[in-house]
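Student: Quick one: this structure, given as structure tokens, is what I'll be asking you about.
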């Protein structure tokens with residue numbers, strides 16, 4: 001059984017990957033997608049979204065990182081995948097699930113679920129282009145506006161050479177609205193001969209256990225649930241290993257929140273850093289009442305030094 005951290009554009013960047021993997025329980029993580037159009041990208045484009053390539057493709061906690069590509073041109077994706085491997089990517093993941101309209105309009109992500117033959121050709125081209133010891137994997141949704149083609153899409157990926165398939169148990173049109181249709185993950189798992197990971201609407205350990213029961217799949221990829229409850233992967237891993245299952249208290253999260261902010265201040269432009277903190281803190285309000293109070297204090301602030309002072313007060317009060 002494996003527990004993975006999902007790739008989420010504009011959310012799970014290098015900073016959040018670093019912080020979340022240090023909590024524990026995550027077996028591997030994936031970069032935000034690197035968009036491939038009609039040319040070979042320079043190394044700087046890969047290092048921008050996957051700086052861990054310079055550190056053995058691992059986060060500071062030692063968690064392996066995989067590089068995700070998104071596009072619709074099999075040959076161009078293959079060339080860029082091969083180059084990513086030269087830069088140190090240990091696994092190439094292919095995105096067939098992004099629901100963003102801007103991405104879909106440029107023929108990327110979930111819109112490709114309308115074309116299973118092209119999905120097959122993309123995976124096959126990338127599989128041929130990268131060294132045999134490097135796995136090619138894929139992530140899909142159940143379909144564009146209906147799950148009727150889910151099995152054909154999954155078979156296309158597996159037959160093309162995908163070592164496993166992650167299934168976000170919703171269609172593109174569903175977006176992120178509940179429920180996740182875990183019963184369709186079970187159907188996909190029966191249709192292909194490669195491992196299948198379930199993804200979608202797992203916010204708690206109990207959710208994971210229900211997902212496992214309904215889907216028959218034990219491997220899980222956690223997205224918003226893990227961002228909102230950073231100890232979730234650790235809880236699932238403890239359940240798997242027969243260890244102690246405990247909640248992550250706010251006092252344990254605070255040092256990570258502080259480090260997240262310090263990294264954001266150092267690595268992002270001043271106009272972007274506050275938004276990233278508010279984004280994560282806003283998601284933490286789902287789990288932590290303390291996050292609700294802290295979010296209320298900073299939500300209208302855009303000056304980094306002001307936020308520094310407000311955070312320091314909050315951290316001091318919690319100590």
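Residue 1 is the first one shown; counting continues down the chain.
Cβ coordinates come from backbone N, Cα and C, glycine included.
Swiss-Prot feature annotations, pasted as is:
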BINDING   7, 8, 9, 68, 139, 199, 200, 201, 223, 224  FMN binding site
SITE      35  site 'Interacts with tRNA'
SITE      95  site 'Interacts with tRNA'
ACT_SITE  98  active site, proton donor
SITE      176  site 'Interacts with tRNA'
SITE      276  site 'Interacts with tRNA'
SITE      278  site 'Interacts with tRNA'
SITE      299  site 'Interacts with tRNA'
Student: For the FMN site as recorded (7, 8, 9, 68, 139, 199, 200, 201, 223, 224), determine the largest distance between any two Cα atoms, in Å, rounded to the nearest integer.
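Tutor: Roughly 22 Å, rounded to the nearest whole number.
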Student: Please report the distance from the Cα of residue 200 (FMN binding site) to the Cα of residue 98 (active site, proton donor), rounded to the nearest angstrom.
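Tutor: Cα of residue 200 (FMN binding site) to Cα of residue 98 (active site, proton donor) measures 13 Å after rounding.
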Student: Of 95, 98, 278, which recorded positions are close to residue 299 (site 'Interacts with tRNA'), meaning a Cα within 10 Å of its Cα?
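Tutor: Final answer, ordered: 278.
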Student: To the nearest Å, how far is the Cα of residue 7 (FMN binding site) from the Cα of residue 176 (site 'Interacts with tRNA')?
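Tutor: That separation, Cα to Cα, works out to 14 Å.
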Student: Tell me whether residue 98 (active site, proton donor) sits in a helix, a strand or coil according to DSSP.
Tutor: coil
Student: What number of additional C-beta atoms lies within 10 angstroms of the C-beta atom of residue 98 (active site, proton donor)?
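Tutor: Excluding its own Cβ, the number within 10 Å is 25.
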Student: Based on Cα distances to residue 139 (FMN binding site), point out the closest of the recorded positions 35, 98, 176, 276, 278.
Tutor: 98
Student: Quick one: give me the count of other CB atoms within 10 A of the CB of residue 200 (FMN binding site).
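Tutor: Result for residue 200 (FMN binding site): 28 other Cβ atoms within 10 Å.
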